[in-house]
Amino acid sequence: MAAQHISGNEPRVVAVPSDNLGSSTSKPTDEIFEVDKQDKMASPESPKERELRASPPGNVVIKHLRENPYVLGLAAFASLGGMLFGYDQGVVSGILTMQNFGAKFPRIYMDATFKGWFTSTLLLAAWLGSLVNGPIADRIGRKGSIFLAVGIFTLGSALQAGAESIPMLFTEFGTQYIGGIKCSPDIPLSGGTIKNPTFDPYNDVGPGGCDGQSEASWRLPLAIQIIPALILGIGMLFYPESPRFYCMHKQEDKALRALSIIRQADIESPALCREFLAIKAEVLFEESYARDHYPGKTGVALYAAQYASLFSTVPSLKRIIIGCTIMFFQQFMGCNAIIYYAPTIFEQLGLSSRTTSLLATGVYGIVNTLSTLPALFLIDRVGRRPLLMAGALGTFISLVIVAGMVGGFDGDNVAAGWVGIAFVYIYDINFSYSFAPIGWVLPAEIFNLGNRAKAMSITTSATWMCNFIIGLVTPDMLARLGWGTYLFFAAFCLLALGFTYFFVPETKGRSLEDMDRVFGDVAAHQEKKRLFDIAAELGIVELDSVKSGKVGKVDVEEA
């Protein structure tokens, strides 16, 4: 979806429309919004605009949502994609421990290595999707990419729910990438490999498993995810396309109409026109940047050159290393390992299968969600580094205690088991307010505007690749190392603490020019001048406070 947000780390330009704003929108944009370039005076703000500008950032967001609940509805609807992704992760962790599922697919149930491949196929697909999503969305738009995603997801889910063989199960997981485009990697599997003597003992179990479960116990949860996917697909028919996408394709009338729908504002309102011109300025900035830095390159050659430039200078390479390392620790601290294999982990702590199912999938998910809320209030008050270091220390201590409970009592002590469960939750709380959200926020704040999109695609692909590795190796680690698995992840929590302390810069309240000084670069200064030159050509007046030394931008992002 498109949602306005104000970041303190990016150049902001505010458009000031001329008196002929009420003229027909069929005129060229430059004509409609022409401003006397000799007179660089900003148009007076309305009382409402002055009130919003004077309000704290949190209050501004609340005011905007109250005045335009349509934006909140769009955001909530778009989040169905994320819900589908999370639902699939949660369902699979429970299904892997179901005995009826084991009777149907004994190799996945009993072979820890194969179980790892089964779970991590989703993440390998997500890694591939993170690399191709941007170009596809640029070509067909956000709506088009989501339609494509929904189609592939629905087909894959149907195949999985009706699966009679391992290749059919892998098909759905290979298409699992919600939020952009889903990709299906070619995994060489053969149903004939199931009949292996290693798994003959489990093949003797009756078709209902040891506890009388029917196949509906795991087929139904897999099929249910088709319903929200179809709702998402149908709803996208009425979803506005990104105004930025229209501007990129020189369809400015459509961009204005889309922005008008999103903001629920008149197409000729000054605020809407200011935002539209800001979007247009940023699109022109990106085109100008690509034209000057990569002359004569288009298509694949342009994308390749843009990615190569990220590694061409020492300052840029430093930013990439920090961004990717933060994403690396986000995965190797073990959070997703616990999410994927929580039922198995809780069984190691001595809980019954029924209690395990509830605590591992239901309660853990609730704790995980609620624990992210403190970051919303603390990230701009306390800062990124303190939260990261506190989270790393808290996760380290928690995992060491869990390792002690598993290794010291081996699931034979009920009280120790509950202590272990408590510290699994404490671990999750510490991770969820620190590396979980900040791992996505901080990389975006250290990259300059010209290469931010490409840099973020690299850091995003890094987290998916690390996620894939974690999903792949964790079952073997739990089977062979036992309590040592928790010490393995605890060691990375300690390394994350040290890396943050020595290498991660604080970005709270700091501009991109400040980041230039941190990394020994001048890119942000040059880009700011380029953006303001473009703004001047469009008749946009820069309204930021020079005294503060900080800049921001009005952005329209697509979810």
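Positions of Cβ are set from backbone N, Cα and C atoms, glycine also.
Taken from TrEMBL as is:
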- 1-55: region 'Disordered' (REGION)
- 28-53: compositional bias 'Basic and acidic residues' (COMPBIAS)
- 70-87: transmembrane segment (TRANSMEM)
- 74-508: domain 'Major facilitator superfamily (MFS) profile' (DOMAIN)
- 114-132: transmembrane segment (TRANSMEM)
- 144-163: transmembrane segment (TRANSMEM)
- 222-240: transmembrane segment (TRANSMEM)
- 320-342: transmembrane segment (TRANSMEM)
- 362-379: transmembrane segment (TRANSMEM)
- 386-409: transmembrane segment (TRANSMEM)
- 415-443: transmembrane segment (TRANSMEM)
- 455-474: transmembrane segment (TRANSMEM)
- 486-504: transmembrane segment (TRANSMEM)
What is the average pLDDT across the domain 'Major facilitator superfamily (MFS) profile' (74-508)? 80
Within this structure, do the transmembrane segment (70-87) and the transmembrane segment (222-240) have 3 or more Cβ pairs under 8 angstroms, counting pairs 6 or more apart in sequence? yes
Counting Cβ pairs under 8 Å to the transmembrane segment (362-379), which of 320-342, 386-409, 415-443 comes out on top? 415-443
Would you call the transmembrane segment (415-443) and the transmembrane segment (320-342) in contact, using three or more Cβ pairs under 8 Å, pairs 6 or more apart in sequence? yes
Whether the transmembrane segment (486-504) meets the transmembrane segment (386-409): three or more C-beta pairs under 8 angstroms: yes
